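*Asks:* What follows is a single structure, and I will ask about it in a moment.
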């Protein structure tokens, strides 16, 4: 898992004996001790280590929770509350696990945005990036499955919505949906398989993470300049430091700071990232007013709901599903969509503006995902009242009013004439959440499919430094680089 | 500071550097220990399990010469109402002849008044050999010593629940119990 | 500082997520005057109030609402309202034992002849439920299911403030009036609208799943309330000029999540907040006689029941906060040490 010549030298008899049979110590030494790492990595680069901690935390707490959890529709909700009330430190382990999912996604999004900003997906790191997207997909699957397990109202109805999306796929959709749920609806059999899969997927994530680290260690880390560390002995020495102790301590510090934020959620606002409705036991007969996924899936949910129109033979529902999955699928092709030879946006002033726009668009999409799509953001004009009645000729007629007093007088007058009349509200035109979501969705796809491919061919990047070492030395003199 | 400038200070700083690293590492170890405690402790009995491991039993309902068997937290217990002959038999034993010497009184718990209710004997219902449940008066077989007989490997217990013959190494244990009233005992594990 | 930018980015993202949940059509729940003692990182529950709240629950709420996740022993466990250090095992706490013994519950174990007997509850038993099952609960409450109160403060936006606001937030009697319905006016349109309203209200846990449609003959009178006359120190109702028709067996409450538009006679662009629920106002001054002599005003009882349910929703909350304090102190010390370690190690490397 290390792409550099091994510097490990076994010293004792036992380590020599072991090294000639299973060079596991050599592997660990070359990967995590004497691994040459660019010396200019900033704090945005600590999120890889933070994510490793997140994964381990989730697996560890998850295994513990599985010792106490009951995967039946009658027992799931009560067993989760038993963990909260009766199991020694159960409340702590469960809150770590539920908030840990949010922390995991928070860290993974920062990690991904960092990769986007510094061009970490470009050659020779395409496989590294693609493995990362695979991890992201597995994480979303795991999170969705895990959210079903407490068997609250959001668990049940959220699962209903998501499995319903699969049903939108033509021809095979309904079959796949029934296969996935093990019946016509989400029931005990669904909960049991979701529990099993929720236990399985994290280990698959761990497996892909190993590949991810392997793919990282072959070309070595990217860095904020986007300039590769020099390969010759002297250059390598100037550009890099050994991973241990330099980055173990830096990552360690960042991890502890991250844990402070994590602990603030776990101990002081453990339910703020969740939804109150999930503390109501699942009831298939009652649907919550607003079904919203967990916050980390909101941008994709907004993209799903932004598609309200049919294109040709494809109806809006299927198109929404395609757009939502497309939003992730496009990431797989990113290494080839970005045509720029310059990796870091530090030296791409125009692209940088589009990148920040992309970050803002993603956050706003999350906002749209949480809101009711029909709610107005910017109202244009005011709502009017329309009185509908049947006129003397037996035709439907309407009369529009601004004031309620006038409208009701007219209605009452018609009623006294023996004519049925009703008042309805005519909503004023407005710029609504669904409109914002549509614009943002357009930008989301345009960023990958239009802006990055064209910009790489058209823009004039600034000069890159000759080496990491030179960039570091020039750091004090040059203007401070943004977002560092 | 450039590399050249700081080099002379390196040796001076060495002690302080070691100290800070040792302090950091020690803090990390302490944190890991606290976390490990949480992960170990969660496997201890949960409070609902513990609460279910306690039972009030009305011993006045046990027929003379008979017994009732109760499950507490999944474990069997015998509550036997001994006849006066059985009490005498339990008391008139040469302790030195027993494999696990214990007087009958040591196997009883005094009531709140301080007196002993010698008629009521409470013991665990698992043979101390390999955990089978011995048979007793209800099954019509009280073994050679009038108490219980374990059919698995032939252990004989007397009317005080003491092992007399067979492979079992020790007497049937007496659980923690106390007299709530002259007719009710509370057994808790 | 690079770091501040980081943390603020993280907190910003979390804040967006947290505030993103859109508020429903109900009034925002408010705290009692002086706030809640349990709020904040070191706030502790007012245990005297939790104890009184248990009395309110037993004497008022428990006749309809179950608390299936709570057991009597919880009352005497550390962090519970009747915890007594003299009895570390709550099962031995005489007060808790007496609470349990006052309730007769159906034994889960069959007796000698296979029937299920009623017996006094033990401390390890769950709280006695008022109804054997949901169907019985609905049948006894005109079709509405009184929600289980075990985790109600976690299951509603606003938590304890919601409970407090709802219980003490019913409009006073004087804004209501009863009117005869003219004979020729058929209530058909209304009952249709009512059904629609139900769907929207039922959302919040089924608190207000309304009664079945009224008798075929239709009601001959209706209860209306003038929303603009509701007197509240927390909200200005005067802008809602119009009348709200209260369906039979339903009670208006501005803090209830729901939609009253179908019942609103007035400008449909200014529909009052709140919804209908099947629970009539429960508390009146002196409804319970507090054992500790506290005057049982509606305000006091509302605060006490909210405090009790706040405790019941998470009996380990005080342990959570105290552990949190220790963890935070530890992490801060660890972070500082690592910061110095980090600077020691990197002091010779320009980066």
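Cβ atoms are placed via backbone N, Cα and C, with glycine included.
When I checked TrEMBL for this same protein, it listed these features:
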DOMAIN    A:14-225  domain 'Cytochrome b/b6 N-terminal region profile'
TRANSMEM  A:43-71  transmembrane segment
TRANSMEM  A:91-116  transmembrane segment
TRANSMEM  A:128-149  transmembrane segment
TRANSMEM  A:194-215  transmembrane segment
DOMAIN    A:233-381  domain 'Cytochrome b/b6 C-terminal region profile'
TRANSMEM  A:252-274  transmembrane segment
TRANSMEM  A:295-312  transmembrane segment
TRANSMEM  A:318-337  transmembrane segment
TRANSMEM  A:349-367  transmembrane segment
TRANSMEM  A:436-457  transmembrane segment
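Set these features in their place in the structure for me.
*Replies:* Residues 78-80, 82-83, 87, 90, 93-94, 96-97, 100-101, 103-104, 107-108, 110-111, 114, 117-118, 146, 149, 191-192, 195, 198-199, 202-203, 205-206, 209, 216, 221, 223-224, 247, 250-255, 258-259, 483-484 of the same chain lie 6 or more positions beyond the ends of the transmembrane segment (A:43-71) yet place their CB under 8 Å from a CB of it.
Distant neighbours of the transmembrane segment (A:91-116): 44-45, 47-48, 50-51, 54-55, 57-58, 61-62, 64-65, 80, 83-85, 129, 132, 135-136, 139, 143, 146, 258, 261-262, 265-267, 270, 273-274, 294-296, 355, 358-359; these residues of the same chain sit at least 6 beyond its ends, with a Cβ under 8 Å from one of its Cβ atoms.
Sequence-distant contacts of the transmembrane segment (A:128-149) (same chain, six or more residues past either end, CB-CB distance under 8 Å): 62, 69, 71, 76, 80, 101, 104-105, 108, 111-112, 115, 120-121, 155-156, 158-159, 162, 186, 190-191, 194-195, 197-198, 201-202, 204-205, 208-209, 211-212, 215-216, 219, 293-294, 296-297, 328, 331-332, 334-335.
Beyond the transmembrane segment (A:194-215), the same-chain residues lying 6 or more positions past its ends with a Cβ under 8 Å from any Cβ of the stretch are 1, 31, 52, 55, 58-59, 62, 66, 69, 71, 125, 127-128, 131-132, 134-135, 138-139, 141-142, 145-146, 148-149, 159.
If you take every residue in the domain 'Cytochrome b/b6 C-terminal region profile' (A:233-381) and average the pLDDT, you get 95.
Here the transmembrane segment (A:295-312) has Cβ contacts under 8 Å with residues 101-102, 105-106, 109, 140, 143-144, 165, 273, 319-321, 323-324, 327-328, 362-363, 365-370, 373, 434, 437-438, 440-441, 444 of the same chain, all six or more residues outside its ends.
A Cβ distance under 8 Å defines the sequence-distant neighbours of the transmembrane segment (A:436-457), meaning residues of its chain 6+ beyond its ends; these are 302-303, 305-308, 323, 326-327, 330-331, 333-334, 337-341, 348, 350-351, 354, 357-358, 361-362, 364-365, 368-369, 373, 377.
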*Asks:* Please spell out the DSSP helix, strand and coil residue counts for the domain 'Cytochrome b/b6 C-terminal region profile' (A:233-381).
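*Replies:* Going by DSSP assignments, the domain 'Cytochrome b/b6 C-terminal region profile' (A:233-381) contains 96 helix, 10 strand, 43 coil.
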*Asks:* Under an 8 Å Cβ to Cβ limit, what residues of the same chain, 6 or more beyond the ends of the transmembrane segment (A:318-337), are close to it?
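*Replies:* 121-123, 125-126, 129-130, 133, 136-137, 140, 165, 168-170, 299-301, 303-307, 309-311, 441, 444-445, 448-449, 452-453.
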*Asks:* Same chain only, please: residues at least 6 beyond the ends of the transmembrane segment (A:252-274) with a C-beta under 8 Å from a C-beta of the stretch. Say none if there are none.
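*Replies:* Hits for the transmembrane segment (A:252-274): 43, 46-47, 49-50, 53, 92, 95-96, 98-100, 102-103, 107, 294-295.
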